Every structure is written in C-alpha cells, then in structure tokens.
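**Student:** One structure, as structure tokens, below. Some questions next.
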Amino acid sequence: MVLAKFCACNAVHYSFIFAVKPKPRFVRVNTLKTTTGSVIEVLSKMHKVDKDDMVPDMLVLPPGTDMHKHPLVTDGKVFLQGKASCMVAAALSPKPGWKVIDACAAPGNKTVHLAALMNGEGSIIACELNKERAKTLQHTVRRSGANNIETVIGDFLNIDTNDPSYAEVRAILLDPSCSGSGISTERLDHLLPSYSIDDQDDAGSSARIRKLSAFQRKALSHALSFPSVERLVYSTCSIHQAENEDVVSSVLPLASSLGFELATPFPQWMRRGLPVFDGAQHLLRTDPEDDLEGFFIALFVRKAAAADALEPSEDGGALGRKRKRACTTRSGGLRAFSSLRLSRMDVLCSIWGI
C-alpha cells in the first residue's frame, strides 16, 4: 500500500515535470575564434537558427538540440550558455582596452564573454577562491582562446582597493555565490500540487539565504569602493528578494556617496525589479516564464559629474581620483583615512555590521 502511494505521488510529480514548456537552446558565438555568420552557415544545415534580438552573437536553436559534442563547441567556437547568463556580461559592456575584474569568475563563461566583448583587448582579472573551481575556470579560458585573462586564485574581498595595480580597473562583474534558486532544475517544486507561495517566502528567508545575502552585501560594497570603476554589474541566479533587491537597496547610500547611480540594462526588457524601493525599476529579472532561467541584474554607473571625477578620458568616460580610505590589509592592519571620507566609512561599517 505504501509503495502504491509512493508510485502514485511520483506519477503526479513526473507528469507535472513533463508538462514544463521546453526551452529553446541558446548558444553564444565566441567571436575571439570565429564569426556569427560562419556559425550560422554551419548550423543552418542541420537546424533552424535564429539570431537573438537582444544579446549580440547569441543564436537560438530549437528545444532539445544537443550540441555538447559538436565540433563548434569542443573547439571553443561556440559556448552553450543561456541567454540570461549572457545578458550579465552584455549589461556590463566593457570597452576594448579597459581593465576589468570578474570577482567570482568560475566556471568562466561570463569571463570569456567579457573577453569577446572587449575584442581580446585590455585585461581581465578573474578571481576565484576555490582551487578546484579555478581549474575549471582556467580550462574555460584555454578553450575560448582568450589571451587577456589573468586568473587569480584568491578572495576578491582581500584585494586592497588602494593597491596601484588595481588603480585603473574601470569595470567589475560581481556574480557572487548565491542560492541558485533561479536555475530551472532547482525550481520544479513550484509545479507540485502541494506547492504554495509561502514555500517560496520561507525559502527566501532561511538562515542560508541570510548568510548568503550578508556576504553579497559585503562583496558589492567592496566592489563599489574601487576608485576608478565606472561600471559595475551585480548579478545572481536567484529569485529571492533577499539576495537581489534587498542587497542592492542596502548599498545604495554607499553607492550614492561614491558617485554611482543605478542604470537600466536592456531597457526594452519588460520584467524589472520587484517594486520594493524607489529605483527598483532599473533592475532586471528573468524568469522561466520568459523561456529563461531566473537571473537578476543590477547595473551601477558612476555619474560623470561625480565630485571626485578626473578629466574625461578619450572615450568620454571619467576616472575617479585615488582616495585614502579605511581599509583592512591582508596582514590585518588598518590604513590611514581622511576625515573627509568618514561618512562613507560609517556607511560601510553599517552594511558590514562592524
């Protein structure tokens, strides 16, 4: 009787799973090795191929298309990367020649996408704390053919923002550890008859989510503190407000004090942030209802009229001045800071809970 009940329940479970609308297969053309036109010419002999209408060099293939062993993939000319994931690097939009940090880089798909967007020019510092994941990152970089990526095995939070070697960093991609609740394979519970919206609310306020969001706030605050950064993207593959809108909202006072404001990536995209604070309409969300995975993107841009901006660069950007600020060094010491920056340090300490 117990076995019969188990089978019946699982039959219902699997019937719901198989009712899921199949998603198209998205692939990104690696323009460091080939052209979009060349890939379309090859793939169109076997599949219907469409260009994505938003993300450059992204192609859309029919659902169920298996590309894992295709020579274009094994040779690194094409990456099997979802549209939502590709929107992250495209939102940052670093210019060729810039110095960029990918703060939590493994497995490396977004890192090598940045390299392609930069035409292989400039430099990318790809940070990864976990040694095993760093191996995956390095493999991805080799397969992409990118030669402007430096892999750093270490904690992004330990980078001294006053270190001269990071003084020219102009863009940061921060895609930190998150719950992964937006990945479709982890979201099938919402299809079960017993599911309720309260289940999502409970998951979004769990102890694990609170720990993750505390780390995310700290990492985002650190990223905002690099003196010459002009563009910063914070992204997650989470659906939880605690990891998304709440994290962004918590750092807005610091961001504003440093001359940053929220910008609107992909303004034609309809699904925006949850309306929980003024400005959330600038944020971007994707969802399985859009045939995508559940991602979140926030784009911070330093205002050209920031009080401490330098003269505009040749490309019209503005580099922030080097500043003295309170900063914990790798040895645990405390650097001197100017009294003019005390208010900003108060904000940082408030965010970090110290």
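Glycine is no exception: its Cβ is also placed from the backbone N, Cα and C atoms.
A quick note: this is a predicted structure, and the numbers were derived from the prediction, not measured.
Pulled these features from TrEMBL for this protein:
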- 15-303: domain 'SAM-dependent MTase RsmB/NOP-type' (DOMAIN)
- Cys104, Ala105, Ala106, Pro107, Gly108, Asn109, Lys110, Glu128, Asp155, Asp175: S-adenosyl-L-methionine binding site (BINDING)
- Cys237: active site, nucleophile (ACT_SITE)
**Student:** Counting Cβ atoms within 10 Å across all protein chains shown, which of the recorded positions Cys104, Ala106, Gly108, Lys110, Cys237 comes out on top?
**Tutor:** Gly108
**Student:** Could you tell me the C-alpha distance between Cys104 (S-adenosyl-L-methionine binding site) and Cys237 (active site, nucleophile) in angstrom, no decimals?
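**Tutor:** Their Cα atoms are separated by 13 Å.
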**Student:** Quick one: give me the count of other CB atoms within 10 A of the CB of Asp155 (S-adenosyl-L-methionine binding site).
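**Tutor:** For Asp155 (S-adenosyl-L-methionine binding site), the 10 Å Cβ neighbour count is 14.
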